[in-house]
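I'd like to ask you about the structure that follows.
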Amino acid sequence: MTATETQPSRATRSVNLKVLGPILALVVLVIVGAALNGNFLSAANITNVLSRSAFIGIIAVGMTFVITAGGLDLSVGSMAAFIAGLMILVMNAMLPTMGPGWPLVFVGMLTAMVAGTLAGFVNGFLITTMRIEAFIVTLGTMGIYRSLVTWLADGGTLSLDFGMRSVIRPIYFDGILGISWPIIVFALVAIIGELVMRRAAFGRHAAAVGSNDQVARYSSVNVNRVRMLTYVFLGILVGVATIMYVPRLGSASPSTGVLWELEAIAAVIIGGTMLKGGFGRVWGTVIGVLILSLIDNILNLTDGVSPYLNGAIQGVIIILAVILQRDKKAES
Amino acid sequence: MKFTKITAAALAATLAMPVFAQDTKVIGVSIPAATHGWAGGMNFHAQQAVDRLEKVYPELDFVLATASDPAKQVNDIEDMLATRNISALVVLPFESEPLTSPVKAVADSGAWVTVVDRGLAQPGIEDLYVAGDNPGFGKVSGEYMVSAMPDGGDIVVFRGIPTTIDNERVEGFENAIDGSGINILAMEHGNWNRDDSFTVMQDFLSKYDKIDAVWASDDDMAIGVLAAIEQSGRDDIKFVLGGAGMKEMVAKVRDGDPMIPADVTYPPSMIATAIELTAVGLTSTAPVSGTFTIGSVLITSENAADFYYEDSPF
């Protein structure tokens, strides 16, 4: 962070701003939060904020790859709601035969992972093989999954059987050494995502496809396969996020996961990934997610700012992030 | 809305068609889609009422349309008027403003109009207005708080989606607790949503070292609040008061859960009241025009069994 205090040349200063901008914003938010409320830095509050960031965070890591490869997925929020509903229905249905216990939790987890993989595959298939615009495909599946969960829930709420709830509850609320499971899983997903993006061939291929798919094709990159895999990975991560989400309240309803897709996309863009594709930054996405949840948290911990303005503050931050991004693009 | 009594003239207008005509009359029912728990219950009760009334009155036909946004609801109503020649419309408007002129067009065509829950922007269009009592909902909730905390105390308040309904409830509540020694530490919007209320309650628990009670003002929000309290392991919160009458919460009241000692109704089945009254108006000489207000009732362990509907999704 000392880099900002030096006075580099004009070009590098913009680049540094772009790299450091999200981190600076996060640091400023933490300082503001700590100044406004003494409990802000308490272990309980930090655990709360990190745990609740995990759902969007895990999804946003997958979204980083999709956007880097030049795609977009609007269906993830509805998909999460649908998978959560499915997971609850399957566990409730198997409860009489299997009884409450960890085997049944694994069945639920397996359901979520398989459903997520399939849902990602369907998106990927329609986009790559059927050559339909990602925006249109995922707008369609967004509506489909939202309707399906409403239909499954008969308009109401799907609730996990009470006996099962105490068994599954520790997945959200417990952890190792005081760090809760959602935080651990989020951290693992983020680290693996960062490594794949930086070190693995898949990450470079995704960036190449997003940057220019013709050039990538001539460079013998299997463009369709890379695109397909980004959607399948995102689907799997939606499944993982759902596994973290269901234990929290043990229920899914038509209002589950509303606007998660936009929060995930916003976090990805705040983090410095190009919306047009070609460049992705997983750690930036993590910072983006934390910034968005900290804004909510700070507004809840303080008086004086109307909660009606929460969305406006988030909007300003997203637009600022995109302005920084445009500067870099103009120079390159 | 001031007229609760029927006049002979209004009766004549109601039954514009001859009472003994044997041809089928169509009643259109237009409601918002089941996008949250309460609306889900409302959809359930609408369907139940339609199924029941089609058996009772062979001369009545029903068209039930659910809309996910105001624009779709306008289309539904225009279609009903143009293609189904409806004799009556029962509508729970998504939003007051955009629905006012299409519903007025239905009324101008001579059809009977029943408006449910959310009033139209212009008074006097509807023949029958069936509504819950939002200020009363807040008042009953506030009075319960006062009786449960005779020595006063510190509470936090959860508000719904910013709407007139929410404002009326909170105003009724604040009036009821005025001067009782109950102090509202903070109010925040939980948007009638479990997840939002869970995070808001977590933050309230971080912010305040001592909270005596919570007015969650809605059963979905109460569920989120309870989960956050359970996670924190704190025992300073004596009880949580929800609202609406979700069956899981009514069951808790019935079973004597100390954290959920009571609930306040705002029944989604009011749509059934509206459809039934409209059917009565179309098929009999009984007067049904005016305003029908469904009061909010306090559910306690004594009467909870009467408010538990096993089959309802809500």
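Cβ coordinates are placed from backbone N, Cα and C, and glycine is handled just like the others.
According to TrEMBL, the record shows the following:
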TRANSMEM  A:19-37  transmembrane segment
TRANSMEM  A:49-67  transmembrane segment
TRANSMEM  A:74-95  transmembrane segment
TRANSMEM  A:101-122  transmembrane segment
TRANSMEM  A:134-153  transmembrane segment
TRANSMEM  A:173-196  transmembrane segment
TRANSMEM  A:228-246  transmembrane segment
TRANSMEM  A:258-275  transmembrane segment
TRANSMEM  A:282-299  transmembrane segment
TRANSMEM  A:305-324  transmembrane segment
Report yes or no: does the transmembrane segment (A:19-37) come within contact of the transmembrane segment (A:134-153), defined as 3 or more CB pairs under 8 Å with a sequence separation of 6 or more?
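These two segments do not touch.
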If contact means at least 3 Cβ pairs within less than 8 Å, sequence distance 6 or more, would you call the transmembrane segment (A:305-324) and the transmembrane segment (A:228-246) in contact?
no
Could you tell me whether the transmembrane segment (A:101-122) and the transmembrane segment (A:49-67) are in contact, taking contact to mean 3+ Cβ pairs under 8 Å with a sequence separation of 6 or more?
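Answer no, regions not in contact.
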Quick check: do the transmembrane segment (A:173-196) and the transmembrane segment (A:228-246) share at least 3 Cβ pairs under 8 Å, counting only pairs 6+ apart in sequence?
yes
Looking only at the recorded stretches A:74-95, A:101-122, A:228-246, which one has the largest tally of CB-CB distances under 8 Å to the transmembrane segment (A:134-153)?
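Maximum Cβ contact count belongs to A:74-95.
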Which sequence positions outside the transmembrane segment (A:101-122), separated from its termini by at least 6 residues, show Cβ-Cβ distances below 8 Å to it?
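Cβ under 8 Å, 6 or more out: 75, 79, 82-84, 86-88, 90-91, 94-95, 141, 145, 164, 167-168, 171, 228, 231-240, 242-243, 246.
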